[in-house]
Amino acid sequence: MDIIFYHPTFDTPYWIKALSTAIPGARVREWKRGDNEHADYALVWHPPVEMLQGRNLKAVFALGAGVDSILSKLKAHPEMLPEHIPLFRLEDTGMGQQMQEYAVSQVLHWFRRFDDYHALKQQSRWEPLADYQREDFTVGLLGAGVLGSKVAEALAPWGFPLRCWSRTRKTYPGVESFAGHDELPAFLKGTRVLINLLPNTAETVGIINQDLLNQLPDQSYVMNLARGVHLVEADLLKALDSGKLKGAMLDVYSREPLPEESPLWAHPRVAMTPHIAAVTRPAEAVDYIARTIALLEQGKAATGQVDRQRGY
Ligand SMILES: NC(=O)C1=CN([C@@H]2O[C@H](COP(=O)(O)OP(=O)(O)OC[C@H]3O[C@@H](n4cnc5c(N)ncnc54)[C@H](OP(=O)(O)O)[C@@H]3O)[C@@H](O)[C@H]2O)C=CC1
Ligand SMILES: O=C(O)C(=O)CO
């Protein structure tokens, strides 16, 4: 079995060694421009069109959870990957735990008013504040798939009311489920902390805009952990400045790296990280890819296949 690998920034020798060890009999090589030799599987992130085009692959694996960049490239170059070749993505592979750490720590930060205490410290003010009540601190997850469900699981023991919004109804224990566009207003109405874990699709782009933010209770919080294009940054800044929103925690941006001139950098109530909420963990990812290839080789069904029509 021949496997080609391409990632613009990963430690390629590590991956090739780990994949060769995990998949018995596999010949794994780094794909380089001009390589048109046979391959059964391709493992990719931001692939050049010529890497995939015209090959009789058994499957392609995206080396991350979100497949928006590869799907948008496919829109411009449909010949890159014919419909009959399945595209898989990484499901969790260690990202679930990272999202749990990120979301739980930030929800607790806001709930214990550490943002307010930080502002008071800047003014050398000693001022105990009133506690927030758990029942007023409903956490709402936009997107309740692999990562959203893991975040809900980690928040559950903290006792905050939990709800999620997805395309299809969920039955996660202790999480109120809202499904489809008709139920979005009801979901937003009671959500004090909004955490975005949607995929980037034609339906979700720009979803966190002025209209959506206005439907949240006053003094709400927004955490964007999915993709920058979900959030209209100008609308977020307006909502912060009007007092509608109390704070925002952003990991992803409309442009990455975020340009120096972005007003987000200086805003006192915007906390930021540089797209690190959950990164691909190589050992877990190799294990998932090896298990999935073994299932495919046996003609068995495997999870993680992207629905190209749906866009995620
Ligand atoms: N910042 C970072 O470091 C990282 C960001 N990400 C981002 O997180 C995203 C989510 O990942 P993951 O949880 O694995 O994805 P999943 O595909 O498992 O989950 C997506 C969720 O979004 C819901 N959804 C999709 N479209 C709609 C819609 N139109 N209306 C309502 N709900 C919708 C799905 O609903 P249903 O369940 O009904 O299908 C599902 O619950 C990735 O696409 C990626 O962009 C991922 C990893 C790291
Ligand atoms: O896996 C993804 O989709 C990511 O955003 C990784 O940072």
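Just so it is clear, glycine is given a Cβ too, placed from its N, Cα and C backbone atoms.
The following features are taken from TrEMBL:
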- Arg227: active site (ACT_SITE)
- His275: active site, proton donor (ACT_SITE)
- 105-277: domain 'D-isomer specific 2-hydroxyacid dehydrogenase NAD-binding' (DOMAIN)
Average pLDDT across the domain 'D-isomer specific 2-hydroxyacid dehydrogenase NAD-binding' (105-277), rounded to a whole number: 98
Neighbour-count leader, CB within 10 A, active-site residues: Arg227, His275: Arg227
Distance [Cα-Cα, Å, rounded] between Arg227 (active site) and His275 (active site, proton donor): 9
In three-state DSSP terms, the structure that His275 (active site, proton donor) belongs to: coil
